[in-house]
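Structure first, then comments.
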């Protein structure tokens, strides 16, 4: 009895029961109102997110959505929570237009008043005169098939079959059988059925909402990640290209300076060579001189010139040799290692833009790589030298 007076939505006794005209199922009025409001709240986001024209299949599914206004806008389509049959309600009145089942309301009222006296035990039922129950159960089809003269009042959960007291004593005895009044089992199973049905409906609605979510957001996210990778690596390439140009420019500047220094060094050597050749010519001319007076005049002057030139060349002897070129190298192993370690860092979409880790924050895997690598390259700066350290323009000023 209690199961028949229970609402399939709230699983409680009916409160202000109303009847759906399409299927004659009864529900609490506030349950219908809540059902309509929930259906409308689910419909609005899905309808606003779809800007394109729905396909015929999607239009059919929308027509079966509870709480959806009809095409003319004058009625609301309500789907029965139990059988899913559609019934039309006026849009201006909604659930208030459903008729109240006054008979059912009175039965619920009487059931609540007499509920303490309507819980008979198994022994009480067994003591009831079967002669008074047989005609009533026969009209309801509640007669035991195995024993036609006995009423069908017990049910075995393990065997999933009903029977009379004699059936229980013959076939359903022992600890492996669970026997109870058929009305009690009916109420319990019906309540469990309504509860499971409600959960299944909620799960179905949840899955429909999850399936209806457009994959555009995910595609947009993947597109953003692709653009992020391209942008960041473009910055890296620009930083590397700028550093490359800077190093080549410095190398070219040093090359020109060293070429100029080498030219000065070469001119100096050429001047020394010519001076020595002139001294040698004067010395060879003096070899055959036999006049002591003339020899002394020329030799004294020549000896002074040779002494001065030898002192000057000895003073510059530490800088006269042409320096050899040394091979240089650029260590990029650590930078390549940093490139290989680059990864995408997940951030919450709800995080404010100012809170997202930037390239200057530490430690961050997605830090601005060009700044990091420029600092690394600054540490690995090298000086290209075509001459040994210490030789430069200052060393040549002595000449």
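Here the Cβ of each residue, glycine as well, is placed from N, Cα and C on the backbone.
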Would you mind telling me which of 170-229, 230-289 TrEMBL tags as coiled coil?
230-289
Labelled region 'Disordered' by TrEMBL, one stretch among 330-351, 352-373. Can you tell me which?
352-373
In TrEMBL, one of 18-45, 46-73 is tagged region 'Disordered'. Which stretch would that be?
46-73
